Amino acid sequence: MKLSMPRFDQAPVLVVGDVMLDRYWHGGTSRISPEAPVPVVKVDQIEDRPGGAANVALNIAALGAPAALIGVTGQDEAADSLANSLQAAGVRSVFQRIAHQPTIVKLRVMSRHQQLLRIDFEEPFATDPLSLGAEVESLLEGVKVLVLSDYGKGALKNHQSLIQAARAKGIPVLADPKGKDFSIYRGASLITPNLSEFETIVGRCADEAELVAKGLQLLLDLDLGALLVTRGEHGMTLLRTGQPALHLPARAREVFDVTGAGDTVISTLAAAIAAGEDLPHAVGLANLAAGIVVGKLGTAAISAPELRRAIQREEGSERGVLGLEQLLLAIDDARAHNEKIVFTNGCFDILHAGHVTYLEQARAQGDRLIVAVNDDASVSRLKGPGRPINSVDRRMAVLAGLGAVDWVISFPEGTPENLLSQVKPDVLVKGGDYGIDQVVGADIVKGYGGTVKVLGLVENSSTTAIVEKIRKN
């Protein structure tokens, strides 16, 4: 399955469900309490993050999609913190604030990137919450997908009225289910239980074949459009009536924290479907997004650039010819892994042994080598009529095939100052007998603390000489 980045900016989504605040107390631990055999944490940072349905909305907004949220909170500072965080992220939130009942808060005590303790502040909402019919109707008018984010905390008690209202308007409904009765999600377009939640409903599955059979039966029983079972390290399984099962392997490189991974899955699915992607492609994107978010600590969202970079890696564009946006994402990813970026540029009209040796030496100055290539018009201006011999596409393709070269990009100007200002390499390399101050762009690179190096050229290796020899013969 070939993945591509959707137009999330044209994909409005409404989330309705159980909102909560994820609060983190960070601190150091250096001793055991004299009162009990437990560590003493000296708290030096308090951090609030939207959780539950609020995290789903936050993830949707982080991808660049317009997000709206309806939920239930108390009338307290936790609700204010949630509202402020969501507003800062661009999420439109409508809260039903209930007096004398606390906003749900999950407090985690953290030390050295480890969770030592979780404390929950919550009381299930016993009243008939979400009596926000007018607000729901109003917000449904402008969205392309409705998400029901159900954590079983009492905010969602009218599943069917929401599902039917959305279906009447032709709006797909995605539900992240909870509890022992999935009939409340009857008629949904897609539900996304994890394996444990799924087996609570259908019974234990001995193998994949049994999972598929029981899942297909559940689709029929509940009139569901599709079922996506998330299976942790075993990936995901998508089931649709009349279609073969689609199994996707897990994509995580490293797993630090699975908190909120399900939120990331349904938010990416919702945004992708709202953007017009078909379900298999949306599931592929959600699987990729989940692999990113479990590599983060705590409840977290992934951004559009992070997802775009993961798609590039998945589709094999980790190396080769890139556009500027792709290149900047690739550089961000490399720097996140403490890799040094080297930059060189030239026409590279007829690639010869001198070029190859020079590029190998340039690559040795760091971890990643960018080769910026003059486009055809700029080569003609620099070298005169009849040049280039090879088009820019062919020149870049040959350069991209060299083991020393990571990324190749073209530029239209005669010199690469504009590109250097955006790329900001750690090392600028040029071949020849220049002084460092004579290297074009040296002032830019040195201005932000980068390094400029001049490498000697291989003798008797010149594109111009090769061209003249060909012409004479």
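Cβ atoms here come from the backbone N, Cα and C positions, even for glycine.
Residues annotated as region 'Ribokinase' in Swiss-Prot: 1-317. According to Swiss-Prot, the ATP binding site annotation covers Asn194, Leu195, Ser196, Glu197, on the basis of sequence analysis. Taken from Swiss-Prot, the feature active site applies to Asp263, supported by sequence analysis. The region 'Cytidylyltransferase' feature in Swiss-Prot is assigned to 343-473.
This view paints the features noted in Swiss-Prot onto the structure.
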residue: Asn194; record: ATP binding site; Cβ within 10 Å: 20
residue: Leu195; record: ATP binding site; Cβ within 10 Å: 17
residue: Ser196; record: ATP binding site; Cβ within 10 Å: 10
residue: Glu197; record: ATP binding site; Cβ within 10 Å: 19
residue: Asp263; record: active site; Cβ within 10 Å: 30
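Taking CA atoms as the reference points, Glu197 (ATP binding site) and Asp263 (active site) are 15 Å apart.
With respect to the residue listed as 'active site', the closest of these binding-site residues in Cα terms is Asn194, chosen from Asn194, Leu195, Ser196. Excluding Asn194, Leu195, Ser196, Glu197 themselves, the residues of that chain whose CB lies within 8 A of the CB mean position for the ATP site are, in sequence, Pro193, Phe198, Glu199, Thr200, Val229, Thr230, Arg231.
DSSP assigns Asn194 (ATP binding site) to a strand segment in the three-state reduction. In the predicted structure, the region 'Ribokinase' (1-317) carries a mean pLDDT of 89. For the recorded site, Asp263 (active site), the DSSP three-state label reads helix.
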